[in-house]
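Trainee: Residues annotated as active site, nucleophile in Swiss-Prot: CYS85. Per Swiss-Prot, the feature active site maps to HIS182, GLU184. Residues or ranges marked as ATP binding site in Swiss-Prot (evidence: sequence analysis): SER236, GLY237, GLY238, ILE239, ASP240, SER241, LEU242. Feature annotation from Swiss-Prot assigns domain 'Glutamine amidotransferase type-1' to 8-208; the stated evidence is sequence analysis. According to Swiss-Prot, the domain 'GMPS ATP-PPase' annotation covers 209-401, on the basis of sequence analysis.
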Amino acid sequence: MKQCTRQCILIIDFGSQYTQLLLRRIRELGIYAKVCDWNISQDLLVSLNPNGIIFSGGPDSVTNKHSSSISKVVFKIGVPILGICYGMQILVSQCGGNIRSVSNKGEFGYAQVEILSQKNTLIGNLYDYINDQGHCVLEVWMSHKDIVETMPQGFTVIGITENQQIAIIINEKCRWYGIQFHPEVTHTKKGKDILKRFAVDICRCEVTWKPVYIVKNIIKTIKKVVGQDRVVLAFSGGIDSLVTALLLKYAINHEQFVCVFVNNGLLCCNEINRISNFCKKYQDLNIIHLSEEKRFLSALTGVIDPEEKRKIIGKIFVEIFQAQISQLKNIKWLAQGTIYSDVIESGMSCASANIIKSHHNVGGFPSSVNIQLLEPIKDLFKDEVRNIGLYLGLPLNVVNQYPCPGPGMAIRILGEVREEYCNILRRVDYIFMEELNKSDLYNTVDQAFAVFLPVQSVGVQGDQRKYKWVIVLRAIETEDFMTAQWVRLPYTFLNKVSNRIVNEVEEVSRVVYDISCKPPATIEWE
């Protein structure tokens, strides 16, 4: 199997809640990192050709005979390995040491690790303070109930906890390292320094995960795999598809590339204006506009189940693109703005080492439609896509535009979707967005939108009681849309928005604010 020559740290995931955070911490260093499941195949491991490997934490215990383990091949490819928490226990166990479960002596939360020797490549001269005994100490974050009972041959204990449990081990000859704490969380003050020491100093990774290099590599890859073939892009107007369109524009000839934008009647507030402005700026792009509002809204009549709504919308999109591919002739590739969080949530975080997947049955396409899927930005998180957008010249207000979900307002209108509900929601959303901008709050929030509830609440207009619709406002802050916190918007701001909505949108009598985090709630309501 052909090897990938790109500089890479491979994170082998054992189910830790912090794996995606660990990935981000490595990328923040300017180093490309990728996550794969613990049962990674030998062929895929070799093809990725990593500079170094990190074993993540995880909920298992290596003392359980059914626990996750790792192929012995990983230890034979000659690259540095860093085991974190459960990953350290995997390292110890599979190198011949012994792990013991001590449920009453587990270590959780904030802890101090005493450094026994500074003469090592991983944490030499890294510490937070010197204790009364003159020993260097690291302040760290732990979450484990198993401990190292016997050390494997060739390893040295470098750090211990207050409970005299082994916390840092090193095999300098093999360049294998284990730490019982989590360097990826902010509670471990020197965590980022430790990860940098491993990735840069030990693994010798070059700092190349920057927009200029990312764009260069993506364009090079598109040129190589597409060649002279024709490509159609499913163009939604969101930041992901905007960036994908520009990358294709710079990678292949104008005649090879067509964008298809479908107005399904479910577009979020200002989507049409944003797309129109983009088209005016990049007039050399071939963008086909299709008005299919009635087709989508008609198909959604009477449908209340959110999954059924998604399926209907997806099915119609497939039918539309199938027809377009047939009309445009000689289309070999369907391009999409899939990003890394989409890949993770689909359970395919390491399904391929490349940005290309060949399919004869993509997204519900009939097997007779021979089309391949092109996903140029599937290795990027949302914030990385935005940085690429800025690098490619997109205006800041476009780059920071809140994302609109694929099904659009269909999943922001609970229950049946009607045209009148869409119009109400757009007017409400416009007020919400306008006030966020006026109050200089827009760029302090990562996502904000309104939700239409199919329930009526009593209100008073003039001297009359009337039952009208209820609207939910939602605003969240997040780094990667994998987890999210609700935003504490000022009460005066919420009061102003609420007053405007109930006064300017006569169909609404009540406005409520969503204070749910993800998890357990999702960002969208459906």
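Any Cβ shown, glycine's included, is placed from N, Cα and C.
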Trainee: Which of the listed binding-site residues (GLY237, GLY238) has the least company, meaning the fewest other Cβ atoms within 10 Å of its Cβ?
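Mentor: Comparing Cβ neighbour counts within 10 Å for the binding-site residues GLY237, GLY238 gives GLY238.
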Trainee: Select the closest residue to GLY238 (ATP binding site) from the following active-site residues, measuring between CA atoms: CYS85, HIS182, GLU184.
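Mentor: If we rank CYS85, HIS182, GLU184 by Cα distance to GLY238 (ATP binding site), first place goes to GLU184.
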Trainee: Near HIS182 (active site) in space, meaning Cα within 10 angstroms, which of the recorded positions do we find among CYS85, ASP240, LEU242?
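Mentor: Checking Cα-Cα distances against HIS182 (active site), the recorded positions within 10 Å turn out to be CYS85.
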Trainee: Sorted by position, what residues of the same chain at least six away from LEU242 (ATP binding site) have a C-beta under 8 A from it?
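Mentor: Spatial neighbours, sequence-distant, of LEU242 (ATP binding site): PHE278, GLY337, GLY389, LEU394, VAL398.
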Trainee: Measure the Cβ-based neighbour count of SER236 (ATP binding site), defined as the other Cβ atoms within 10 Å of its Cβ.
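Mentor: Step by step: centre on the Cβ of SER236 (ATP binding site), count other Cβ atoms within 10 Å, giving 24.
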Trainee: Counting across all protein chains shown, how many other Cβ atoms sit within 10 Å of the Cβ of ASP240 (ATP binding site)?
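Mentor: Excluding its own Cβ, ASP240 (ATP binding site) sees 22 Cβ atoms within 10 Å.
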Trainee: Determine the Cβ neighbour count for GLU184 (active site): the number of other Cβ atoms within 10 Å of its Cβ.
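Mentor: Around the Cβ of GLU184 (active site), 26 other Cβ atoms lie within 10 Å.
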Trainee: Give the three-state DSSP assignment (helix, strand or coil) for HIS182 (active site).
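Mentor: Its secondary structure by DSSP: coil.
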